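These features come from TrEMBL:
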- 6-150: domain 'Flavodoxin-like' (DOMAIN)
- 12-17, 59-62, 97-106, D132: FMN binding site (BINDING)
- 206-446: domain 'FAD-binding FR-type' (DOMAIN)
- R350, R382, A383, F384, S385, G416, L417, C418, S419, W596: FAD binding site (BINDING)
- T460, S515, R516, Q521, A522, Y523, V524, Q525: NADP(+) binding site (BINDING)
Amino acid sequence: MPSARLLVLFGSQTGTAQDVSERLGREARRRQLSCRVEALDSYPVVNLINEPVVIFVCATAGQGDPPDNMKSFWRFIFRRSLPSTALRQMDFAVLGLGDSSYAKFNFVAKKLHRRLLQLGGSALLPVCLGDDQHELGPDAAIDPWLQDLWEKVLGPHPVPLNLDLNPPGVPWPSKFTLQFLKDTPTSGPEELCVAGTDPQGPPSELQPFLAPMVSNQRVTGPSHFQDVRLIEFDISGSGMSFAAGDVVLIQPENTASHVQQFCQALGLDPEQHFTLQPREPGVTCPAQLPQPCSMRRLVSQYLDIASVPRRSFFELLACLSPHELEREKLREFSSAQGQEELCEYCTRPRRTALEVLCDFPHTAAAIPPDYLLDLLPLIRPRAFSIASSLRAHPSRLQILVAVVQYRTRLREPRRGLCSSWLASLDPVQGPVRVPLWVRSGGLTFPKTPGVPVIMVGPGTGVAPFRAAIQERVAQGETGNVLFFGCRRRDQDFYWEAEWEQLQARGCLTLVTAFSREQEQQAYVQHRLRALGPLVWELLDGRGARFYLAGNAKHMPAEVCDTLLSIFREEGGLSAPDATAYLAQLQRTRRFQTETWA
């Protein structure tokens with residue numbers, strides 16, 4: 001019997017790395033291995049020196065950034081004071097999740113792998129580079145890598161064939177049991193805690209502030225392809241404060257019609273109350289979930305029934321299905337050989353978990369309630385750049401939200417859960433409260449007086465720069481240069497009047513790029529290049545800071561290429577020196593980015 005003790009640590013931004021880590025845990029237990037699965041920032045990192053075998057599963061967020069739930073670990077592991085023999089007793093493997101269309105593909109996994117080697121760790125395998133762009137998704141790299149991993153971990157002690165206590169096709173025990181209550185609770189545990197009146201601290205994920213929505217205004221023209229909203233909240237009495245560059249996190253809900261559809265498909269009573277009990281010691285219940293809780297509350301506010309399900313969803317459904325034909329199809333979808341068909345059925349058309357359950361009605365109706373939290377991930381909060389300053393709008397918080405809606409081959413259009421939910425709320429019709437809290441963002445603006453800033457924010461990427469400009473103008477700072485791009489002046493030029501008023505006061509230099517208003521499309525990088533002498537003078541002559549926000553796909557790389565061109569042509573630098581100059585700006589945080597997929 002193998003004696004290895006396995007630890008799986010994950011850094012996950014959207015839930016994929018966590019899902020892969022839990023799959024690793026299940027496969028380890030099937031092989032009789034003791035295995036723990038934890039988020040990196042939940043694990044006491046100083047204990048790594050006592051761990052014999054550790055598997056790290058890491059996503060790469062933004063422009064090569066670590067996910068939020070591994071940032072503390074990231075800072076610790078790169079301390080220069082750590083000795084080169086700190087992890088000499090540890091065997092490790094790193095599994096990365098990324099997207100090869102981005103310049104820093106799997107940057108976090110690659111960098112972590114190198115750092116663990118520097119600290120004396122022994123690599124069991126080369127780093128695994130899961131790629132969202134592969135036609136079969138990350139599993140194309142993960143499946144063969146896991147086969148090699150188990151051979152390395154088990155070594156000369158493979159599990160005897162007659163000792164597989166939990167073979168494939170048999171459902172693993174649920175994490176929790178639902179104890180249904182005979183009577184409906186008379187008190188009101190269903191209400192979210194309202195922070196701000198609590199002396200323990202500002203609002204957080206465990207205690208969000210129920211902010212009244214003041215206004216919800218569409219700010220794109222009626223003929224524009226996208227619905228973009230400027231939404232304002234009243235945060236009086238919340239205890240929240242924020243600075244330019246910070247973000248607000250919002251906890252969305254499923255629609256009432258989807259909740260009803262889900263409960264009908266699974267034969268659940270929405271008004272039934274339950275308490276949640278973990279099956280194993282050391283496992284804690286989700287802290288956000290009230291006890292007791294109604295099924296309606298669980299499905300409405302916690303279970304992500306609108307997400308596109310992952311392979312593990314089909315694997316568990318296959319184990320739970322009593323219907324032969326449905327079970328065979330689900331097994332095919334969860335097998336390594338069935339990944340192309342799963343991609344065609346689910347991933348490419350963005351079919352939701354709810355829609356899959358409706359396609360497999362006999363299976364859905366047989367799902368034991370105990371397995372709900374194993375089958376479906378919890379709804380994750382969505383982050384939005386704060387688009388206002390408390391100096392300009394006291395007790396108010398504003399965000400700019402692009403409502404996500406697009407079509408695939410499915411009949412119903414695909415809709416973003418949070419943006420569509422926010423767009424549906426109308427404070428004119430009656431009071432609306434939204435659970436939210438704030439946290440520090442990736443952008444920090446200079447506190448030293450007189451330092452100019454150059455901001456490049458096409459589309460909704462301009463949101464954090466509105467907060468920064470409002471804050472800086474209130475402080476008397478006039479060295480504000482904004483490059484803004486959109487399609488058409490009369491359709492999606494956000495805050496046009498506000499910018500022009502600030503420009504007339506001498507507080508702002510505004511440079512615009514309207515990409516569809518001339519024969520040859522023009523973007524912010526073209527305007528940046530045209531003003532190369534100004535950009536170089538501000539950066540090299542006056543010590544300006546450079547900020548970039550917006551879609552992460554192509555724009556950041558194109559802006560960086562434009563800067564390198566400016567450094568060569570306006571600064572007279574060689575290509576290597578221009579690259580080094582840009583790297584120096586990034587290293588000293590004079591060049592900061594906040595991008596999203």
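If you go along the chain as it appears here, the first residue is 1 and each next one adds 1.
Yeah, the Cβs are placed from backbone N, Cα and C, and that goes for glycine too.
Note that this is a predicted model, so its numbers are computed, not measured.
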Fill in: Those binding-site residues listed as A383, L417, A522, V524, and which of them has the most Cβ atoms within 10 Å of its own Cβ
V524
Discussion item. Using a Cβ cut-off under 8 Å and a sequence separation of 6 or more, which residues in the same chain sit near Y523 (NADP(+) binding site)?
Written reply: P458, G485, A513, S515, M555, E558
Worksheet entry | Among R350, R516, which are binding-site residues, the residue with the most C-beta atoms within 10 angstroms of its C-beta | R350
Fill in: Cα proximity to L417 (FAD binding site), best match among binding-site residues Y102, R516, V524, Q525
Y102
Discussion item. Summarise the domain 'Flavodoxin-like' (6-150) as counts of helix, strand and coil residues per DSSP.
Written reply: 58 helix, 35 strand, 52 coil
Item to complete: Could you state the whole-number distance in Å separating the C-alpha atoms of S12 (FMN binding site) and A383 (FAD binding site)?
Response: 15
Worksheet item: Hey, what's the Cβ neighbour count for S385 (FAD binding site) at 10 Å?
Response: 26
Worksheet entry | Chain-internal residues near Q525 (NADP(+) binding site), provided their CB is under 8 angstroms and they sit 6+ positions away | M555, E558, V559, D561, T562
Item to complete: Return the member of A383, S419, T460, R516, V524 nearest to G62 (FMN binding site) in space, with distance defined Cα to Cα and candidates limited to these binding-site residues.
Response: A383
Worksheet item: Counting only residues 6+ apart in the same chain, whose Cβ is under 8 Å from the Cβ of A59 (FMN binding site)?
Response: G11, S12, Q13, T14, T16, A17, P67, G96, L97, G98, V108
Item to complete: Give me the largest Cα to Cα distance among T460, S515, R516, Q521, A522, Y523, V524, Q525, the residues the record lists as binding NADP(+), in Å as a whole number.
Response: 19
